[in-house]
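**Student:** Provided herewith is a single structure, encoded as structure tokens, for subsequent inquiry.
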């Protein structure tokens with residue numbers, strides 16, 4: 001069995017290949033690249049916008065170029081704005097003159113890469129609503145209004161029904177007794193009555209049953 005130090009020895013060819021690989025992957029041999037970025041960004045007048053310029057360079061110089069909106073065939077103009085860490089372009093506050101295409105250029109020594117560009121759209125601010133409330137608050141208000149309307153419609157009618165019932169229970173018996181004690185013939189002048197409506201006959205029947213009488217004994221009442 002070989003000793004320990006002899007077993008840990010590596011062939012020179014393997015060490016040479018590892019050195020070549022490390023040299024090939026060093027910072028100087030890496031290709032510089034820049035991300036495309038979003039195709040467009042929309043903001044309102046007066047807001048702040050931040051355009052990213054993501055790249056893999058270590059010692060780079062980032063510049064931004066602005067392509068005017070009126071004519072894209074014109075050469076881009078260097079935009080001298082506020083550039084943050086990592087080449088981020090900061091525009092605040094935004095106005096309509098900032099519209100157009102923005103491209104970042106990354107320089108690392110002799111290597112230069114550019115992004116595809118991001119178009120900045122600037123629109124007028126949305127009108128502020130009279131009642132700036134959320135949807136949940138609006139739904140709660142509508143529910144409360146419905147409950148209030150239901151109460152306003154049901155409660156008065158219910159109170160009127162109970163009031164009418166209470167009046168009938170309190171005064172119904174007295175009114176009924178008054179109608180029973182009232183003399184229906186009070187104030188009636190018997191002389192002015194028709195002879196067919198003579199109420200002074202007492203219990204005498206108005207008509208006679210001629211079917212139950214004999215013909216000889218029939219005595220019809222004369223009018």
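Backbone N, Cα and C atoms are what each Cβ position is placed from, and that goes for glycine too.
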**Student:** Among the residue ranges 120-140, 141-161, 162-182, I'd like the one that Swiss-Prot describes as transmembrane segment.
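**Tutor:** It is 141-161 that Swiss-Prot annotates as transmembrane segment.
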**Student:** Taking DSSP states H, G and I as helix and E and B as strand, how many residues of the domain 'Ig-like C2-type' (32-120) are helix, strand and coil?
**Tutor:** 6 helix, 42 strand, 41 coil
**Student:** CB neighbours of residue 53 (disulfide bond) within 10 A?
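**Tutor:** The answer is 25.
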**Student:** Which residues, given as numbers and ranges, are at least 6 beyond the ends of the transmembrane segment (141-161) yet have a Cβ under 8 Å from it?
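**Tutor:** Residues 133.
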**Student:** Around the C-beta of residue 104 (disulfide bond), how many further C-beta atoms are within 10 angstroms, looking at every protein chain?
**Tutor:** 27
